[in-house]
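The structure under discussion appears below in the form of structure tokens.
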């Protein structure tokens with residue numbers, strides 16, 4: 001297992017003082033010789049590392065020397081597709097809930113149950129798929145998450161009642177809940193070191209997914225929805241004009257379309273692309289030969305030479321025979337072994353501070369954006385109705401609101417490269433501005449201002465999450481990376497279950513209370529980022 005240093009005084013060191021934590025060898029035009037990488041790993045500065053850590057660094061250095069090739073770009077875009085699906089589905093529930101609520105005759109006091117049901121699935125999925133990725137490999141999670149999401153998502157459009165819609169949303173959420181933890185881990189382990197900024201840029205696909213979802217909803221819902229004010233046929237009086245299923249199929253078409261897009265992602269991942277298991281995962285499972293085979297396959301796809309052999313890896317065992325022999329079984333880790341590895345989260349003061357701060361950040365961040373994503377579309381729709389706007393204009397405005405999120409992600413990927421701000425200050429500032437826009441939304445009432453401050457909120461939300469999602473997989477060692485991302489996401493998803501329930505109670509009496517709740521959570525998210533370390537110790541592992 002990849003380990004953090006045992007000496008407590010290492011907690012006082014920063015990354016720049018340890019050669020094992022420096023950026024690895026840069027790629028050059030004709031320098032891809034494994035012997036150079038091997039010599040780098042065996043230099044004196046790495047003597048304190050275990051054999052497994054040295055092997056991991058050898059794989060990392062070898063991939064770094066190949067550079068950002070075609071295989072890495074394939075991984076980047078396919079995982080980006082997964083990121084797009086994550087927010088595409090989250091946005092879909094926010095956009096369809098009003099139409100479904102009207103059709104099934106659900107009062108405002110039960111408005112949030114659909115969002116909560118979806119978040120229950122997301123929570124279970126985030127925890128489960130993160131562990132599956134560390135136990136059985138990233139490949140299973142990479143393919144099954146989108147298959148499960150697409151299958152159950154296609155069934156959403158056939159839901160005959162509100163309870164059935166909530167039930168199906170749990171399984172849809174279970175599938176998509178594993179996407180971010182899995183895809184973030186995969187991209188981190190297949191990108192060369194000098195391209196790690198693309199981890200933050202990966203979130204570029206999330207606002208793209210939201211925009212695509214908004215376009216789909218705009219195309220289907222306004223022209224295929226019941227008139228505003230009609231009661232559900234389930235509760236209407238005999239002879240009263242009411243909202244019937246056949247007059248309200250827009251939200252069903254929307255979920256069917258997104259389900260089809262999700263299944264197409266599975267087709268690309270499973271049928272078109274020959275995805276290889278993470279070499280770091282294989283190495284930690286004791287499957288050194290398979291890890292070398294994957295590196296050679298990547299080199300072939302990238303059209304780069306690579307002379308790495310399994311003997312190069314075995315040569316790093318040295319006198320650490322007990323460790324090397326125990327890791328060559330090739331058997332998946334047991335739950336007991338996984339549980340023992342979780343100790344790494346509190347193995348040193350540095351890791352304890354890191355883990356607790358990241359978990360708290362996810363809790364408050366997810367509370368803020370789950371309320372914003374689930375309730376702002378409905379609040380905007382209500383304000384639009386009050387101002388005499390058509391449903392068509394309201395759904396057009398959703399596109400205007402979410403498109404700036406693309407720029408927010410690009411800005412986030414840029415500012416983390418600057419010495420003045422870096423990752424942690426960028427998160428603190430963007431979360432604070434996200435909170436400010438939510439608070440400002442309370443005091444404005446014109447249609448233009450409603451759209452403007454909503455767009456501002458999503459801009460800084462996208463910027464913040466881009467940095468956070470890139471920061472998290474870098475912060476933890478490979479042996480528990482999938483679980484670490486999954487557990488962090490699980491804490492956030494749990495918060496996403498509770499937050500809509502509280503917001504639903506507030507919505508019944510005051511829209512402003514919902515906005516204050518979301519803004520307050522964003523403020524707390526900004527505060528806890530102050531405790532995150534800027535320099536990380538596990539980037540090379």
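Backbone N, Cα and C define each Cβ position, glycine as well.
Residues or ranges marked as compositional bias 'Basic and acidic residues' in TrEMBL: 1-15.
The region 'Disordered' annotation in TrEMBL covers 1-28.
The transmembrane segment annotation in TrEMBL covers 71-91 (among others). Beyond its flanks by at least six residues, the transmembrane segment (71-91) meets 118, 145-146, 149, 153, 172-173, 176, 179-180, 182-184, 186-187, 190-192, 195, 198, 202-210, 212-214, 258, 261-262, 265, 268-269, 273, 275, 297-298, 301-302, 373, 377, 402 of its own chain at Cβ-Cβ distances under 8 Å.
The domain 'Major facilitator superfamily (MFS) profile' annotation in TrEMBL covers 75-537.
Sequence annotations record features per position, and here TrEMBL assigns transmembrane segment to 111-133 (among others).
Only residues 6 or more beyond the boundaries of the transmembrane segment (140-156), in the same chain, are considered here, and those with a CB under 8 A from a CB of the stretch are 82, 85, 89, 125, 129, 132-133, 165, 168-169, 171-172, 174-179, 182-183, 186, 252, 255-256, 258-260, 262-263, 265-266, 269-270, 275, 482. Positions annotated as transmembrane segment by TrEMBL: 140-156 (among others).
Annotation comment: TrEMBL describes 198-221 (among others) as transmembrane segment.
Residues or ranges marked as transmembrane segment by TrEMBL: 257-275 (among others).
Counting same-chain residues at least six beyond the ends of the transmembrane segment (356-375), those with a Cβ under 8 angstroms from any Cβ of the stretch are 87, 90-91, 93-94, 97, 112, 115, 119, 427, 431, 434-435, 438, 457-458, 461, 464-465, 468, 471-472, 475, 487-489, 491-496, 498-500, 503, 507, 514, 517-519, 521-522, 524-525, 528-529, 531-532. Under the heading transmembrane segment, TrEMBL lists 356-375 (among others).
What TrEMBL lists as transmembrane segment is 395-416 (among others).
Using a Cβ-Cβ cut-off under 8 Å and counting only residues 6 or more beyond its ends in the same chain, the transmembrane segment (425-444) has close neighbours at 361, 365, 368, 372, 376, 408, 412, 415-416, 450, 453-454, 456-457, 460-461, 463-464, 467-468, 471, 512, 515-516, 518-520, 522-523, 525-526, 529-530, 532, 534. Annotation comment: TrEMBL describes 425-444 (among others) as transmembrane segment.
Per TrEMBL, the feature transmembrane segment maps to 514-532 (among others).
Here the domain 'Major facilitator superfamily (MFS) profile' (75-537) has a mean pLDDT of 87 out of 100.
The transmembrane segment (198-221) makes no contact with the transmembrane segment (514-532): fewer than 3 of their CB pairs lie within 8 A, with pairs spaced 6 or more apart in sequence. If you look at the transmembrane segment (395-416), the same-chain residues 6 or more away from its ends with a CB under 8 A from one of its CBs are 91, 95, 197-198, 200-201, 203-204, 206-208, 210-211, 214-215, 217-218, 221-222, 377, 380, 384, 422-423, 426, 430, 451, 454-455, 458-464, 466-467, 470. Using a Cβ-Cβ cut-off under 8 Å and counting only residues 6 or more beyond its ends in the same chain, the transmembrane segment (257-275) has close neighbours at 74-75, 78, 81-82, 85, 88-89, 92, 139, 142-143, 146-147, 149-151, 153-157, 176, 212-213, 216, 220.
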